[in-house]
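What TrEMBL says about this one:
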{"type": "DOMAIN", "residues": "33-305", "note": "domain 'G-protein coupled receptors family 1 profile'"}
{"type": "TRANSMEM", "residues": "20-41", "note": "transmembrane segment"}
{"type": "TRANSMEM", "residues": "61-89", "note": "transmembrane segment"}
{"type": "TRANSMEM", "residues": "109-133", "note": "transmembrane segment"}
{"type": "TRANSMEM", "residues": "153-174", "note": "transmembrane segment"}
{"type": "TRANSMEM", "residues": "204-229", "note": "transmembrane segment"}
{"type": "TRANSMEM", "residues": "249-274", "note": "transmembrane segment"}
{"type": "TRANSMEM", "residues": "294-317", "note": "transmembrane segment"}
Amino acid sequence: METEGYRCRSSRYIESGQSAVPSSVLFAAGLLGNVLALLLLGQHRRRSRSPGGRPPRVSAFYVLVSGLAVTDLLGKCLLSPIVLAAYAYNRSLSELGLGGGSEGEPGVLCQLFAFLMAFFGLAPTLLLLAMALECWLSLGHPYFYRRHLTRRLGATLGPAAAGFCALFCALPLLGFGVPMQYCPGTWCFIRMAGGGPRQLGFPVLYASLMGLLVLAIGACNVSSMRHLYGMARRQPRRGPPAAPRMEELNHLVLLGLMTVLFTICSVPLIIRAYMGAFAADFNENADLSALRLLSVNSIIDPWVFIIFRTSFFRMFVRRVCRR
């Protein structure tokens, strides 16, 4: 029962008929998008420089966006080369890493890949939550925001989130959860079906945490929209919108787009984790599709930011909101 459906758990070679082209294209798109996003953020930082050469006035939101771009870029640079190396040598991850290939035990490289997949799925979620909280506090509690939320605090949230994610995602390496190789032999993640509470507790806990973070992000965004709507009703009919308000609106629209795309990419994995744990659903193709969709989020995020930064898109958003 434990190995039912997992035909590639002990594979030494990549399944026949698989191509490295899709992985190469996704890697190139993610790399290019994140690099361009970081260049745009650097340009924004230079334009925000205060007169007299003082440090630039960059909000905590842009510090968190920068952290999200760096996290996505780092994930692509660490995970995609491993996949491409497996294709190049026609060896599975367990075969490439030390200690694998016997009785379905994952190698060191497979365990590392599973840890990185879990880490780079959870870390961007925490950064999105921090961005949602920042936007909500700036609109609903401006005095508290001005007094306590500084650029330095925004810079410390990234390492704090990374530390928490690293400790949490290392639990399978300590025995709470089982890293496993998925077809076609180029992916590894935590086993989501088969076994007892010790094996399935981590995927359920991981999915529950992801679900709670998605709900919290959605609640913050809805509350921010309510605050913006109240501000719009109190504003006189004539005259342009206030600049700070439009800046918050831009942040909210960008965050909303990223949240919707992240939810679409992460919900399938949450569903698969629950189905595997409680319904014993050994559908490896569905698991692999959910894992791939989760990895696509780090490719989409920077391109959403790049499109949003174009003058045409921002002008479109402002015209819609004025109406």
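Cβ from N, Cα, C; glycine included.
Predicted, not measured: the structure shown is a model, and the values here were computed from it.
Segment contact is absent for the transmembrane segment (204-229) and the transmembrane segment (20-41), given fewer than three CB pairs below 8 angstroms at sequence separation of 6 or more. Cβ atoms under 8 Å from those of the transmembrane segment (249-274) belong to residues 61, 65, 121, 124-125, 128, 131-132, 135, 138-139, 192, 203-204, 206-207, 210-211, 214, 217-218, 221, 224-225, 228, 241, 281, 283, 286-287, 289-291, 293-294, 296-297, 300-301, 304-305, 308, 314, 317-318, 321 of the same chain, restricted to positions at least 6 beyond its ends.
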